[in-house]
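For reference, the structure is listed below as structure tokens.
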């Protein structure tokens, strides 16, 4: 029997490109979410309520993931990107570019909402752009604490919310557990954001994403709201930047300690053969590369056979008539 060595590369968020330009597109999360806040606020709660804001952010996330998933992996959140870097599942060299793109995307999304609702915002604020008070409008774009909320409690709020986000995301992409069905990932991510907003949104607006808060906050500063956007709420602006990072790491640790390390050895070996990096024998005299046995690897795996011709009769599929192999088969996931 002749055998080949197969190496299967894995990527938690598979993508086709190495750069994240689509994260700089005015993010649907910011446009739909902040747009809903603008509509509810400027209509004095006559054209929407808190639930409609939650739904808008969730659906915005759904389409944001759907748009960017095939290109960058659709992190859309520096806390997610950082957590996967720490887990060794994302390259540190890409982190600064992803974070910058995420912030730019949120900034542009806020600018889009401001342009669309400019007259309504100016009418609501009496011609003024204010951060606090009865006609405040800065909270349309960035998050601010409720009057009763202390900084410490707000920090805990953001840690818990982001930990819940990462805990659920880890489960969705863990193929040794119960992963999200292919194609439903965006909708399920949106549902996670929806339930976090419904359950944890009243204290300080559930930023759970440093870029989603910093980008719009920077926009409000440059658009005329002034330095108050950074000093309001006892300098609240640092909390939605730092706490989600802590919460993301905490959520990953909880999942690793209580779920991932408890996968059985048989499950781990099976998953390694299917998705991870491993080596195993293939009888090249019997194995025929065709669509049927390729799809047993995964629906999105692409196989490259190199350096030697198959024996006669092994290349029945016309797509493989020019394929070749010696002792090595390299399987790369795209």
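Placed from the backbone N, Cα and C atoms, the Cβ positions cover glycine too.
The annotation transmembrane segment is assigned in TrEMBL to 53-75 (among others).
Taken from TrEMBL, the feature transmembrane segment covers 95-117 (among others).
Within the chain carrying the transmembrane segment (129-149), a Cβ under 8 angstroms from the stretch's Cβ atoms is held by residues 34, 37-38, 41, 110, 113-114, 117, 121, 157, 202-207, 213-214, 216-217, 219-220, 223-226, 228-229, 232-233, 236-237, 239-240, all 6 or more beyond its ends. Positions annotated as transmembrane segment by TrEMBL: 129-149 (among others).
According to TrEMBL, the transmembrane segment annotation covers 155-175 (among others).
Among the features that TrEMBL reports, transmembrane segment is placed at 187-208 (among others). Residues 50-51, 53-55, 57-59, 61-62, 65, 77, 79, 139, 142-146, 149, 153-154, 157-158, 160-162, 164-165, 168-169, 172, 180, 236, 239-240, 244, 247 of the same chain lie 6 or more positions beyond the ends of the transmembrane segment (187-208) yet place their CB under 8 Å from a CB of it.
Per TrEMBL, the feature transmembrane segment maps to 235-258 (among others).
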